[in-house]
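Undergrad: Got a structure here, written out as structure tokens. Questions coming.
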Amino acid sequence: MKCTKCGKPASVKLRHYNIKLCKEHFNEFIEQRVEKAIKKFKMFGRNSKILIAVSGGKDSVSLWHMLKKLGYEVDALFIRAGKSGMVQKAQEIVEKNAELLNTKLHIVDATEYFGGLSTQEISIMLRRPVCSICGVVRRYLMNKFAYENGYDVVVTGHNLNDEASVLLGNILHWQEGYLERQWPLLPKTHEKLVPKAKPLVLNYEEDIKLYATLNEIPHLEMACPFSVGATSLVYKKILRELEEEQPGITLNFYLGFLKRKKEPKFEVEGLRECKECGYPTTAEVCSFCRLRKQVEKRKNKTPA
């Protein structure tokens with residue numbers, strides 16, 4: 001098997017692009033697709049103050065390495081939402097990558113906002129899915145940190161499979177509001193909302209995994225145990241099966257949506273500032289502050 005670009009022995013075969021590549025040209029190919037996404041969707045510039053949210057997983061840490069390699073100045077943020085051994089391992093991996101990249105790493109402990117409780121403990125207390133609580137907490141703290149520290153954009157490791165599965169779910173349920181706003185870049189719609197960008201949207205998840213492996217990038221091998229049973233995994237499975245039969249269909253599906261889409265509508269009706277914390281919300285009190293109140297109320301009811 002020879003590299004399509006140079007004729008040297010190939011390291012990988014990418015069925016969805018019908019090409020075979022050596023390690024050097026594979027890296028170049030993946031990195032160029034990241035650069036293409038950044039420029040095509042006007043995510044940020046060379047002088048932007050960029051904050052990447054890292055979890056320790058293959059996507060965020062690989063993107064971290066790519067952005068540094070492409071010449072962008074990037075600081076990283078790790079939100080510690082639990083106390084488990086996996087969370088500790090994730091933090092160690094993130095710290096190792098920060099050392100390798102000589103990059104500033106910020107760590108925010110989410111449990112400090114909930115009297116020391118992890119998202120898992122809050123989930124049990126309130127009888128709500130962990131993913132729901134974790135999402136609320138991470139989105140809020142990510143934006144809060146970025147805004148208060150003057151960052152121009154927050155970057156996340158969402159890949160093509162992530163975005164295509166969300167798109168499929170939104171179409172199947174006719175979530176018109178979400179379909180209107182789904183885009184690789186969410187611009188600023190309020191002074192206290194920092195833009196969010198997804199530079200990996202043109203890259204398949206399996207290619208990011210290959211990139212991390214070939215380049216020996218430290219990352220968590222296992223997925224979050226609480227994601228088991230998530231609806232998004234059902235949509236990903238459907239797309240994987242389609243991809244087996246028709247290589248490239250996931251990319252065509254997502255790009256077709258972006259190409260045919262009219263100007264995205266990012267404005268959110270009724271956006272105002274939370275009366276508790278002052279951050280944007282569509283309700284009187286934002287979901288993060290409501291969550292804090294619910295936890296505080298439940299803790300006060302629990303006998304010592």
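Every residue, even glycine, has its Cβ placed from backbone N, Cα and C.
Under the heading Zn(2+) 1 binding site, Swiss-Prot lists C3, C6, C22, H25, citing similarity to another entry as support. Among the features that Swiss-Prot reports, ATP binding site is placed at A53, I79, R138, G157. The annotation [4Fe-4S] cluster binding site is assigned in Swiss-Prot to C131, C134, C224. Summarising the annotation, Swiss-Prot assigns Zn(2+) 2 binding site to C274, C277, C286, C289 and lists similarity to another entry as the type of evidence.
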Undergrad: Among the binding-site residues listed here (C6, I79), identify the one with the smallest other-Cβ count within 10 Å.
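TA: Per-residue Cβ counts within 10 Å for the binding-site residues C6, I79 bottom out at C6.
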Undergrad: Among A53, I79, R138, G157, the annotated ATP contacts, find the widest CA pair distance and round it to a whole Å.
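TA: So the maximum pairwise Cα distance among the ATP binders is 14 Å.
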Undergrad: With the Zn(2+) 1 site defined by C3, C6, C22, H25, which remaining residues of that chain have Cβ atoms positioned within 8 Å of the Cβ centroid?
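TA: Residues close to the Zn(2+) 1 site, other than C3, C6, C22, H25: K2, T4, K5, G7, K8, A10, L21, K23, E24, F26.
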Undergrad: Specify the count of other C-beta atoms within 10 Å of the C-beta of A53 (ATP binding site).
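TA: So the number of other Cβ atoms within 10 Å of A53 (ATP binding site) is 22.
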Undergrad: Once the chains shown are all counted, how many other Cβ atoms turn up within 10 Å of the Cβ of G157 (ATP binding site)?
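TA: For G157 (ATP binding site), the count of other Cβ atoms within 10 Å is 21.
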Undergrad: If one measures from the C-alpha of C131 ([4Fe-4S] cluster binding site) to the C-alpha of R138 (ATP binding site), what distance in angstrom results, rounded to a whole number?
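TA: R138 (ATP binding site) has its Cα 10 Å from the Cα of C131 ([4Fe-4S] cluster binding site).
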Undergrad: Select the most exposed residue of C22, C274, C277, where exposure means the fewest other Cβ atoms within 10 Å, treating these as the binding-site residues.
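TA: Ranked by other Cβ atoms within 10 Å, the binding-site residues C22, C274, C277 bottom out at C277.
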Undergrad: Within the chain of C289 (Zn(2+) 2 binding site), which residues six or more apart in sequence place their C-beta under 8 angstroms from its C-beta?
TA: C274, E276, C277
